[in-house]
Each structure stands twice: as C-alpha cells, then as structure tokens.
Amino acid sequence: MAESEGSNTENGKVGAVKSENLDRGVAAIKNQFLTTKEKFHAFIDADGKDVTEKETCSELSLNDAENTTRTENAAEPEAKRIKLDDGSSEGQDQPPKTAENKQEKKRARGQNKSRPHMKHSQFEENKLCPSVTQECASKCFFGDKCKFSHDVAKYVSQKPEDIRPNCHLYETFGKCIYGVTCRFAKSHLGEDFKNIINEELMKEWEGKVLVKNSLDKSLKEQLRKKKVVFEKSDKYLKLCFKSGDSSKMKNPVVKEDSAVQVTQKDSPITTVGAVTDEDVIKLRPCEKKTIDFRNKLYLAPLTTCGNLPFRRICKRLGADITCGEMAMCTNLLQGQPSEWALLKRHHSEDIFGVQLEGAFPDTMTKCAELLNRTIDVDFVDINVGCPIDLVYKKGGGCGLMNRTNKFEQIVKGMNSVLDVPLTVKIRTGVQEKVNIAHKLIPNLRDWGVSLVTLHGRSREQRYTKLANWEYIDQCAKIASPVPLFGNGDIISYEDANRALQTGVAGVMLARGALFKPWLFTEIKEQRHWDISSTERFDILKDFTNYGLEHWGSDCQGVEKTRKFMLEWLSFLCRYIPVGLLEHVPQKINERPPYYMGRDYLETLMASQNVTDWIKISEMLLGPVPPNFTFLPKHKANSYK
C-alpha cells in the first residue's frame, strides 16, 4: 500500500489529473491512470500505435495536456461527460457564453423514443430465395413472380466478404442452416455452392431441443382469427362481472371439484399405445408446482438487453434464476411473433420465468391460461414496476399499484389458471416521497403470490437517488412468510452481502449485471475479480456466438447480433477495472472519469463514444454495412 501511495504522489507532480480534483459523483481512480478527454480520444483514434514499447498507457496520461489536441469531432455531445479541471485553461481568454453555447451544453436526458431502425432490405439488396437457401427439392411456390433472386452464382459474386474463415454453427452442430447466405459460408460450401454436412456431429445433437417456447404456426393462425377458447378464464371473469367490485368478493377463484367428483363426471375414452394425459386430474391450488427461491441470484427481466444470448452469458457466470424480457399480454394474444420471441427459453436456463405486462384482468388472465398450456416455464411474473409513460398511462406497470381492485382481479385470475407459481415485481411507489409498497404487500400475500420482488425506488425517482434498502428490509418483514427479493444498486459482492443482512430472501441484479455480468461469480466466490480486457473480450466472443445461434449467421442475423451487442456495450463501458480504483468496490452511482487502461483494449472498452463501440463490434462481426445507423436507447451518444 505504501509503495502504491508513493507512486501516486510522484505521478501527481508530473502533471496527471489528480483524483481529488474530480467532481462529486465521479469514481476515484488511481492518479497514474487518469487522463484528459483529448488525450483519451487521441490514443483511441491512433489505435494505440503512438505508445512505444517502453511507454505504457498510464505513462501516456502523464504528458502535458497542452501538447495533445483532438483533430476531429468525436461525434458525442457534452451530455453525461465529466469535466476534469487540470488547470490547463487558467489565464486563457474564454469566449462569451451565448445562447447557442448553452444549447450545445444542454444535457440530453431520457430515451431516444423515435430511433431509426434498419429494415431487412437494407442488410442486402440482392436477397436469395429461401427455397434456394434451404436447398428444397421442390421449386419455389411463387415461380416467376418470386421477388427474391434464384441465381446463386450472381448472389455469391455480390455478397460481402466472409467475416471469418470458420462458421460457429457448422463447427458446433455439424450443419449451418443458412447455407450460402451465411457470412462464414466458405467453411461449409462445396461444389456448386452446396452445403456440406458433418453427419457425425449432427447425430450428437439429434433429438435435443436447445430452445423452447417457439410460436407454432397453427396457434398463430388461431390467435389471429380469435378461435382460441379460454374456458377457465371465462369462468373466472363471469364471477368477477357478477360480483362487481372485487373488494366485495370473498374468494373470486373458480370453484373446483374434488378428485372423486372429477373422476365420476369425466369418463375418458380408453386409449391404446403411448400414455396420454386425457385422464389426468388437473392440479389444484394446493398442489401447484413450488420453487425454493430463497438465497438464489436472480437476473432481472431487462428490456432490450435481457435477450436470450445475454441470459446465457449470465447463466454461465453464476445466475440461478432468469426471466424473459417484459412481454405485452395483448400482443401475445394477437399472435405477434416478435412478442412471442421474448418467451423463448434456452435449455441451460433451469429456473426460468416470463414477465407479463397488462392493465386489465381479462387480457392478463387469458394470456396466463394460454401460456400455461403452450409453453414451458417455471413461474410467471407480473410487471408492476415499469415506469415508462406508454405503459403507465394505460394503467399498467406502476399504475397497477394505485388500482388495487384491478390488481387483485389480475392476481387472483392468473393464479386460478396457472399450474406454476405467480410472482410480482413492484416499486416502492409512484411518487418519490410516498411509499405504498408496505400497504400492498400484505394483500399480495393473501392473494396467493409466491414471490415479491421490490425495487427500492419510486417511479418518479428513477435512478436519481440510491435505492432505499431500509424500506426494503421493512417490507421483507411484512411479507413473511412469502419470500421477498430486493433490487437496487448491487454492483459488488459486498453490496450483495449488505443486502442479504436485511430480511430479504435473495437479491435481484439488473444494472450491475449489465455493467459486469461476472458479478454473479464474484458474489458466489466472495471476491473482487480484477478481470482482464482479454477475458472481457472473450465474454463478448461468447455473446457473438450465442447471438449467431439465436438470430442467425446470415446478414440479417449478424446485424441483429451487432445491434444488441451495441446496446449492451453502452452499459459495459461504465465498468471500471478493480486494479485502477483507489477504493474498491466501484459505486453504481459514480461516473467513470477519463482514464487510460492497462492496455489498449481495456482503454477502448472504457470509451463512452458509440463509434468506439462499433469498432469493438467490427472486431467480432466484421465491418458495418453501408448506410449503417445506430442510436442508443438512452440519449448518450449517436452514430449516423
């Protein structure tokens, strides 16, 4: 410790940016790694080539600030940038502040709600017909009217160069279903551009289901034509309408017959052959599947970033419970494929749930019944914590906390049609200083909820202040014996330990998992992992491979993988390596200043400029296509 303190003092004399000069809310980093914005971007733009063999990244940051100027615009606004006062501007004439200058320095807050999205046609102009790609024996159904190309040779001549010489899908499964359209096709194409198949490797995967919960075509048609029958939901909803206000209803659960009565009423036809379930008695509430949630690490259902490849990363690094992204119940009932894609489950997710959002008992109950008989999940979660206006103004998300009667009907209705546990995720309240969760939790316990997850912030508060763990502790005691999980500001194993010292049954990780998915490993092994840039890059490699498996290895799949990687990199860049911190651990509400990493890759990963995120994606997924545009979900940076 004494040695490191001495080196910090010495570096401070040379002219490094001192940590004590940092603004409030900025993470404290060792002096030898701190730098200025100009030096940081100059180093990134030069690809680290200006560093000699004897000169390290940290030594570069000790040069005088006046000798380094940024030669081009970084394409980033002043929003969320930390101004480091290194004294270089003292005594210089500054231009008068005008209205235009004030406008430029205006902070960009919130989300980019109307983001540009690249259409499928923009990925490749000359798209090959699926009948050719899949090497179908029969001719194209559309014949001469087909709008896609059937000329394989022409397609290959216009196709961009392969990204890598080896295809992950072919090397893993023995066959790449994308054939000639694969961006790694040379490794599995034979004569006349025919797909090569590794029969031995394919046999190893034969009969195994890797991803569950796909939308069946026949079910999609039935949903769109409104031909699906919801027998249980209709019974429950009739009871609700008859009794009117749910507060007058003692127990609005569908009346169930005893096992003896069911066997007497139903006389199923005797079947021959495989065992069927026509004569199986449905589970009663007391016989529902139970899950021991206690002392498990729960990955939060994260919109956009909580996709299946990311969940696989977290699962491999120690997550116990995973949950799909928030799905709108009305969209599911309409059979929208994009919404059903959010329910997909990888076989490695052993405790997996789906999260539903809705504002009315009829749609939520019907959706629960539909999922109960069509997909494989371990629990269903109700989103009562979503703060966005689109959901809240319709009465969903946080809005349900103020609509107790409707909330009760939704919970009891879903419970009556589900064979798996029903869980609820809530916030402390809607208004910043008005906590109402403690009033709601006893009702949730009485309504039959199996788990409550409490985010220690209100809707209005968002992330402006730290989560209120004292209040979470109070609510956990009220919820007993129902387990309550706490959520908020956990970014190290020490934070998790402090949280578990309260009355909570476990912790949910959200932003902490986005910043550092190896947080699950740190908590289980009770250590601070000073992960290297190479190890972090290997995690991105795994995400790339998982993305190609999930979204495809053709042009469209590659660009989808890139899109979600860029969204994730907007969070990953906020991680500060343990070896650079003056005080371990990093605090989630502290912004990282400009610093030089221990190598070029670590410095590149620290950049909050979207052009540098794209540079990282190009290391894994090749160059971006022409006219590529990307606007992050949050108003931090943009690339056009």
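The backbone N, Cα and C atoms fix where each Cβ goes, glycine too.
What Swiss-Prot says about this protein:
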ACT_SITE  Cys386  active site, proton donor
BINDING   Pro301, Leu302, Thr303, Gln355, Lys425, His455, Asn487, Gly488, Asp489, Ala510, Arg511  FMN binding site
COMPBIAS  1-11  compositional bias 'Polar residues'
COMPBIAS  43-57  compositional bias 'Basic and acidic residues'
COMPBIAS  58-72  compositional bias 'Polar residues'
COMPBIAS  77-86  compositional bias 'Basic and acidic residues'
COMPBIAS  104-120  compositional bias 'Basic residues'
REGION    1-23  region 'Disordered'
REGION    43-123  region 'Disordered'
ZN_FING   123-153  zinc finger
ZN_FING   161-191  zinc finger
- Message: Can you tell me which parts of the same chain pack against the zinc finger (123-153), counting only residues 6+ beyond its ends and a CB-CB cutoff under 8 A?
- Response: 159, 177-181, 192-195, 555-556, 559, 625
- Query: Among all the protein chains here, how many other CB atoms are within 10 A of the CB of Arg511 (FMN binding site)?
  - Reply: 19
- binding-site residues considered: Thr303, Asn487; fewest surrounding Cβ atoms within 10 Å belongs to Thr303
- Quick note, Asn487 (FMN binding site) and Cys386 (active site, proton donor): C-alpha atoms separated, nearest Å, by 14
- Do me a favour and check the Cα-Cα span between the residue listed as 'active site, proton donor' and Lys425 (FMN binding site); whole Å is fine. 9
- Query: Sequence gap of 6 or more, C-beta under 8 Å: which same-chain residues meet both conditions with respect to Pro301 (FMN binding site)?
  - Reply: Cys323, Gly324, Glu325, Met326, Gln355, Asp381, Asn383, Lys425
- Note on the structure: Asn487 (FMN binding site) falls, by three-state DSSP, under strand
- Task: Find the average pLDDT over the zinc finger (161-191) in the predicted model and report it.
- Result: 93
- According to DSSP, does Lys425 (FMN binding site) fall in a helix, a strand, or coil? strand
- Measure from the Cβ of Cys386 (active site, proton donor) and count the other Cβ atoms within 10 Å, all protein chains considered. 20
- Query: Which number gives the other C-beta atoms within 10 angstroms of the C-beta of Asp489 (FMN binding site), all protein chains shown included?
  - Reply: 22
- Message: Through the lens of DSSP with three states only, how would you label Arg511 (FMN binding site)?
- Response: helix
